[in-house]
Amino acid sequence: MFPPVPNPTLPPEAPRFGEKDLIRRSASTVTPPAERQTEVAKLIDVSKCIGCKACQSACIEWNDTRPAMETNTGSYENPHDLTPDMFTLMRFTEWENPETENLEWLIRKDGCMHCEDPGCLKACPAPGAIVQYSNGIVDFVHENCIGCGYCIKGCPFNIPRISAVDHTAYKCTLCSDRVAVGQGPACAKACPTQAIVWGTKDEMKDWAADRIDDLKSRGFENAGLYDPPGVGGTHVMYVLQHADQPEIYADLPKNPRISPIVEAWKGVTKYAGLAVMGIAAATGLVHYLVAGPNRVSPEDEEAAEKLTGEPPHEH
Amino acid sequence: MSTDVDYDVEKTDGVHPGKPVVVDRYTPWARVNHWITAASLVLLALSGLAMFHPSLFFLSGLFGGGQFTRFIHPWIGVLLFFSFLGLFLRFWTANLWKRDDSNWLAHGRDVLAGHEERAPEVGKYNAGQKLVFWSMSILIIVLIATGLVIWDQYFSAYTTIGQKRWAVLLHAIAAVVIINVWIIHVYSAIWVRGTIRAMTRGSVTGGWAWRHHRKWLRELVAGSPARSTPKSTPKSTNEKSGRTPAE
């Protein structure tokens with residue numbers, strides 16, 4: 001088994017990362033720190049998950065959220081979707097394997113993937129509302145959030161949710177506050193089967209490789225690691241029994257990437273838009289300087305007076 | 001002189017002989033309607049630009065911070081939509097495209113060089129003004145439609161994320177275009193002297209109308225006597241309630 005996350009030390013500890021470790025900050029330019037912290041990752045082994053929802057409970061407890069009570073709609077999924085108060089959700093899929101005709105119960109713990117290239121951060125217009133630390137954690141800073149919902153449009157995984165209470169966006173923080181003092185995420189701590197494990201990204205990849213070998217030896221020949229390159233890899237990874245078809249796991253995207261529409265909006269439109277407005281204003285100024293004002297001449301006034309039949313008279 | 005199909009004098013337009021001649025162009029309500037639209041367009045541009053480019057985020061300070069900017073922007077958009085609808089209903093007939101407009105546009109270079117006399121005579125609106133009018137109309141429809149799609153506070157449930165992505169891109173592009181149309185509109189009003197009083201006092205001088213909208217002036221003068229009677233005693237040219245020459 002993977003060595004479990006140690007219990008906290010008793011004396012208080014200074015956070016191990018913070019503002020100085022930002023590699024990205026929404027709507028801002030930051031100078032990345034000279035030294036990057038060791039990249040961390042959470043590995044979710046779907047093949048070991050028993051669907052107990054201890055992770056959901058731990059998440060609710062640690063983050064002190066109160067997801068609303070809902071009614072049973074014929075699925076174990078509860079609540080029905082990620083909400084501003086439920087940062088992680090077990091998604092249950094009953095899938096019939098066409099090759100073996102076995103019913104497979106696929107349970108995927110959904111939540112923020114902590115992309116290396118985060119679409120939410122790219123879309124965010126509020127400086128510092130979304131930050132990425134050099135260890136890979138993508139975090140929302142609520143006092144800077146304006147509640148516009150652009151992060152929802154930027155996210156390739158449909159994760160952020162806007163709270164109707166304080167109008168800011170919420171999602172999994174990868175327990176950045178726990179990780180800062182050497183702890184693992186609450187969900188990983190609570191998982192009874194070690195389907196959720198926590199460590200450095202390299203350790204997690206090695207661990208996943210062992211798990212994939214094991215799964216292959218059991219006949220899951222397409223077992224593999226979900227660490228999608230389209231978003232530069234993620235800091236939450238899955239071991240999937242059927243890595244060739246991630247979409248069977250409650251629509252996990254096969255090749256997630258920041259939507260080209262979002263790229264166009266936050267790329268060429270942003271820069272070209274400002275440039276065009278600047279050029280338009282400058283053209284007006286230059287025209288004014290070259291052509292001068294277009295004034296009505298006394299002859300024009302006289303012509304109008306003649307037309308209206310008023311005889312030109314002296315004053 | 002003709003009162004043919006091109007006739008686009010409006011009921012409230014009027015000409016008052018005198019020195020200078022004064023021509024009524026916009027009623028008080030048209031002006032109020034215009035300035036509500038103008039104010040909301042400017043506020044929308046400022047609050048929208050704050051959310052458009054990080055270097056302009058400071059503009060959100062004008063609205064009391066990012067949260068309030070995000071909240072108020074769509075409501076100002078609703079105000080603009082209905083306010084512009086009022087302008088549209090007032091002005092659309094006079095802005096219908098005529099054959100002469102294409103001809104005038106072909107003389108665009110002359111007009112910009114200050115040789116308007118080489119272009120055909122113009123009715124109440126020239127081709128440039130009509131293009132501004134129709135661009136604004138179309139862009140405001142695009143902006144309100146896409147704006148509602150991305151107004152997450154009330155309408156997030158009605159569209160998919162894919163649709164919202166398209167909406168936000170179109171909204172940004174339409175906003176950039178309408179700001180450019182606005183720049184053209186404002187610049188023209190500044191460049192062509194004597195124009196702004198049409199929207200402040202409601203009238204222009206006869207010389208202005210002769211120089212820029214000669215056909216309109218001719219039609220006004222040739223029109224029914226009701227339209228061309230002076231408001232008070234015809235000869236007291238200098239005391240016409242506030243209608244003094246521009247400069």
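Keep in mind that glycine also has a Cβ here, set from the backbone N, Cα and C atoms.
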Among ranges A:1-20, A:61-80, whichever one TrEMBL labels region 'Disordered': A:1-20
Co-listed [4Fe-4S] cluster 2-binding residue [TrEMBL; alongside A:Cys172, A:Cys175, A:Cys187] among A:Cys59, A:Cys115, A:Cys120: A:Cys59
Binding-site annotation, TrEMBL, [4Fe-4S] cluster 3: partner of A:Cys112, A:Cys115, A:Cys120 in A:Cys145, A:Cys148, A:Cys155: A:Cys155
Nonlocal neighbours by CB distance (under 8 Å) for A:Cys175 ([4Fe-4S] cluster 2 binding site), same chain, sequence gap 6 or more: A:Trp62, A:Gln183, A:Gly184, A:Pro185, A:Ala186, A:Cys187
Cross-chain proximity of binding-site residues to B (CB under 8 Å), evaluated over A:Cys115, A:Cys120, A:Cys148: A:Cys148
Cα distance (Å, whole number) from A:Cys172 ([4Fe-4S] cluster 2 binding site) to A:Cys115 ([4Fe-4S] cluster 3 binding site): 12
DSSP-assigned states of the domain '4Fe-4S ferredoxin-type' (A:40-59) in counts, ordered helix, strand, coil: 9 helix, 6 strand, 5 coil
Overall pLDDT of the domain '4Fe-4S ferredoxin-type' (A:103-135), taken as the mean: 97
